[in-house]
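Student: Mind looking over this structure? Questions follow.
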């Protein structure tokens, strides 16, 4: 859960950054803007095509080596690399300090890997080292947590805000059924960038005619604090006795809400969904507190990242907007704006499939 | 000018000798040099041209920059029979402050001196608690380790400031005048010369050795023990702050968790360099060798895809070895001197 929050924080950060130049104070800094994305698009989608070469050396560098989430994502990457006949390798630090990935990047550069697939602990600290790697001809793909755009060729985005926002409403609507009713959102903090973006898309989705019977009565904030989220859930149920469902788009919130519901009369009557990890919510899904919740499948994320790295290193793609490449079982993918490739809609975890996932 | 054939008390006499003494290098430091050569040989044979390339030398040295810089003043502190575990937290605090001040529109030319002063003040607090209140430095600096790190989080929270001017961050990642020596490492080289001269060629250095070997004796012979110790903590704070500046530029990122846990590596380097944890013994050249040893070994192991866990174990074992090693070699020497054969079986001969 902490992983995810950090990942989002990094995501939010990178989207705010990307502005840098010279000067001596911050004001000077901000007056000079660069537009790397625009430059990338003008290069055009030429000179692309062909097959992924065999024998490519692809190195995965997760945030942390002994973290179950990355164990799964990198297993997906390994499967993909094997599928296209490459040489897979996985290295990384045992802590998540900003700097601990840098020496690994330097080592991978020295080893002349064909591509580095990295989930950045710090969106900026790794950039100089990655630029050095790129200068040495190594392709860089980020997954899960992006770096500043100049540090990588492509970013595999697991959490397209629109998909995540809309699909949570769709999931809850399905669970509540056609009669609808009052629903609430249990978010992180009032100014959490990711959550607020998703909530905007949720509201937009709710405004569609098919959800006219769903009424959003309150957005509560648990501050990503377990105790506070627990109390907020309690408060929601007391204030709205007819509440039919809660969406909690934060791993801390959904776990706390599930714990409250599990011990209350509302269990099973008030539907709960949102974003969480299978390990954290397995018991709640099995005892019926939660019917289903979502998250992306980290295995697919790693799989797609590996194919993107392979395609880049083989010259099938250059990283420009509009280019396409085939990512094995996932089919054809197109590079979007700012060098991003979307993983696609999130995976729904329920009783039927939750035991296939361990993270 | 020390005597090789020392008796039991002779060790104390020798240790208070701080002059440049090649014979002292013929002890634990030799083992460090030997281990360093082994590490280089290991790297060269297992990773060949990758390991020996200039770019790799660059990454070994730049990875060690902050550790190397902080190890210098810490050597003096440990020779004086004190310890400062708050160094990495001072580094984190100054990084965080840099980010904070930068966000508040300060010019970088103002920020750097300001954070150096803050670092000196942080060291001064350690110094006052240790010398004026007579508290053990281990306890004091464990306390400030937590406190300064906490302050860093208060200052910057969990955000990262990364929009420093590129002329500074490019310096942090660049190399010196076309060589493969990273700029931050040049800072170390300059400081190393200064610290070497102070520790091994001046009266202050001799005083530091004297008070580390026997504080009472040093005081009675006129060494201003408390004053020197206080200033050692101040200098350590300021140099740690400088390492914080270097760190923030090298990674182009100011965060409150910068350098977390770095103190262990620094202490490991100093002890592995043959500086006695009990004070009074040590040589800066040994520390520099140990620093190169740690950097080379980590690099060579990483090039061989040894996992992060194993790397941590290696660092820990080196630290253990560094504490054990000198005391074992001292005992072996002792045993050899007392006459061979007597102590071969450790069982007592008579009762």
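In case you wondered, yes, glycine gets a Cβ from its N, Cα and C as well.
TrEMBL labels come from automatic prediction, so no person has curated them.
On a predicted model such as this, the values are computed, not experimentally measured, just so you know.
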Student: Any idea which of B:9-26, B:261-278 is down as transmembrane segment in TrEMBL?
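Tutor: Transmembrane segment, as annotated by TrEMBL, spans B:261-278.
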Student: When each of B:67-91, B:138-156, B:230-249 is checked against the transmembrane segment (B:185-209) for Cβ pairs under 8 Å, which one has the most?
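Tutor: So the stretch in question is B:67-91.
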Student: Using a Cβ-Cβ cut-off of under 8 Å, list the residues of the same chain that are 6+ residues beyond the ends of the transmembrane segment (B:111-131) and lie near it.
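Tutor: Sequence-remote neighbours of the transmembrane segment (B:111-131) are 82, 84, 86, 90, 93-94, 97-98, 101-102, 137, 140-141, 144, 148, 226-227, 229-242, 244-245.
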Student: With pairs 6 or more apart in sequence, are the transmembrane segment (B:261-278) and the transmembrane segment (B:230-249) linked by at least 3 Cβ pairs under 8 Å?
Tutor: no
Student: Six or more residues out from either end of the transmembrane segment (B:230-249), which same-chain residues have a Cβ under 8 Å from its Cβ atoms?
Tutor: 65-66, 69-70, 72-74, 76-77, 80, 82, 84, 86-88, 90-95, 98-99, 112, 115-124, 126-128, 130-132, 164, 168-169, 171-173, 184, 187, 191, 208, 258-259
